[in-house]
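Colleague: Heads up, here are the entries from TrEMBL:
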- 10-147: domain '2-C-methyl-D-erythritol 2,4-cyclodiphosphate synthase' (DOMAIN)
- Asp16, His18, His51: divalent metal cation binding site (BINDING)
- Asp16, Ala17, His18, His43, Ser44, Asp65, Ile66, Gly67, Phe70, Pro71, Asp72, Thr73, Asp74: 4-CDP-2-C-methyl-D-erythritol 2-phosphate binding site (BINDING)
- His43: site 'Transition state stabilizer' (SITE)
- Thr142: site 'Transition state stabilizer' (SITE)
Amino acid sequence: MTSSPTLPYRIGFGEDAHRLSGGRPLILGGVPIPNAEKGAVAHSDGDAVLHALADALLSGLALGDIGQYFPDTDAAHKGLDSAVIVARALDLVQERGYVPANVALVVTLDKPKLGPLRAAIAQNVALLLGLPESEVGVSFKTSEGLAPDHVQTRVTLLLVRSA
Ligand SMILES: [Zn+2]
């Protein structure tokens, strides 16, 4: 067992990727993406933003990764709403006396263009973390055709000691 964290600030970082395939919904940051021809191949709902977000929360306090808490070999997690994963990670962070302060997330996806959904994704991520929308930065990139059947996400966040 490691000693209790005492730093006033802790940085968290998470990353996730899913292969995309036809006939599946694409959900990012809890927001269903309209006009997506392909969706994530996954055991859960395949929300790459929320998976990276949960890993960022856990990594900030060296709590491991979501695979330890929600193994994809567990049938109970099939089709799981990834908001549940984020809520669990947030609980673990808060139990240790920290809260998230701000978040920066990057989604790399070739199609469809996500710009019109920036506010919806920021609002939903803010809601899940109990933050104002102004504390959630959302960036969109493409792979420039290098990975057209792939969604990749990266999330960094700052945790502050609250107790
Ligand atoms: Zn994932």
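Glycine is treated like the rest: Cβ placed from N, Cα and C.
A quick note: this is a predicted structure, and the numbers were derived from the prediction, not measured.
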Colleague: Looking at the recorded positions listed here (Asp16, His18, His43, Thr142), whose Cα lies nearest to that of Ile66 (4-CDP-2-C-methyl-D-erythritol 2-phosphate binding site)?
Modeller: Asp16
Colleague: Just checking, which of Asp16, Asp72, Asp74 (binding-site residues) has the fewest C-beta atoms within 10 Å of its C-beta?
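Modeller: Checked Asp16, Asp72, Asp74; of these binding-site residues, fewest Cβ neighbours within 10 Å: Asp74.
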Colleague: Quick check on the domain '2-C-methyl-D-erythritol 2,4-cyclodiphosphate synthase' (10-147): DSSP residue counts for helix, strand, coil, in that order please.
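Modeller: Taking the domain '2-C-methyl-D-erythritol 2,4-cyclodiphosphate synthase' (10-147) as a whole: 52 helix, 37 strand, 49 coil.
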Colleague: Summarise the model confidence on the domain '2-C-methyl-D-erythritol 2,4-cyclodiphosphate synthase' (10-147) as a single mean pLDDT, whole number.
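Modeller: A mean pLDDT of 95 is what the model gives the domain '2-C-methyl-D-erythritol 2,4-cyclodiphosphate synthase' (10-147).
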Colleague: Which one is it: of the recorded positions Asp16, His18, His43, His51, Thr142, whose Cα lies the shortest distance from the Cα of Asp74 (4-CDP-2-C-methyl-D-erythritol 2-phosphate binding site)?
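Modeller: Out of the listed candidates, the nearest Cα belongs to His43.
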Colleague: Go through the recorded positions Asp16, Ser44, His51, Ile66, Thr142 and pull out the ones with a Cβ less than 6 angstroms from some atom of ligand 1.
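Modeller: Passing the 6 Å Cβ check against ligand 1: Asp16, His51.
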Colleague: When the Cα of His43 (site 'Transition state stabilizer') is compared with the Cα of each of the binding-site residues Asp16, His18, Asp72, which one is closest?
Modeller: Asp72
Colleague: I'm trying to understand the geometry here, so how far is the Cα atom of Asp16 (divalent metal cation binding site) from the Cα atom of Asp72 (4-CDP-2-C-methyl-D-erythritol 2-phosphate binding site), in Å to the nearest whole number?
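Modeller: Their Cα atoms are separated by 14 Å.
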Colleague: For the C-alpha pair, I'd like the distance in angstrom between Thr142 (site 'Transition state stabilizer') and Phe70 (4-CDP-2-C-methyl-D-erythritol 2-phosphate binding site), rounded off.
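Modeller: Cα-Cα, rounded: 29 Å.
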Colleague: Among the recorded positions listed here, His18, His43, His51, which has the most company in the form of other Cβ atoms within 10 Å of its Cβ?
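Modeller: Max Cβ neighbours within 10 Å, all protein chains included: His51.
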Colleague: Counting Cβ atoms within 10 Å across all protein chains shown, which of the recorded positions Ser44, Thr142 comes out on top?
Modeller: Ser44
Colleague: Output, ordered by sequence, the same-chain residues six or more apart from Phe70 (4-CDP-2-C-methyl-D-erythritol 2-phosphate binding site) with a CB under 8 Å from its CB, or 'none'.
Modeller: Ser44, His77, Leu80, Ile85, Arg88
Colleague: For His18 (divalent metal cation binding site) and Asp72 (4-CDP-2-C-methyl-D-erythritol 2-phosphate binding site), what Cα-Cα distance in Å is obtained after rounding to a whole number?
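Modeller: Here the two Cα atoms are 13 Å apart.
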Colleague: Any idea what the Cα distance is from Asp72 (4-CDP-2-C-methyl-D-erythritol 2-phosphate binding site) over to His51 (divalent metal cation binding site), rounded to a whole Å?
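Modeller: Roughly 12 Å, rounded to the nearest whole number.
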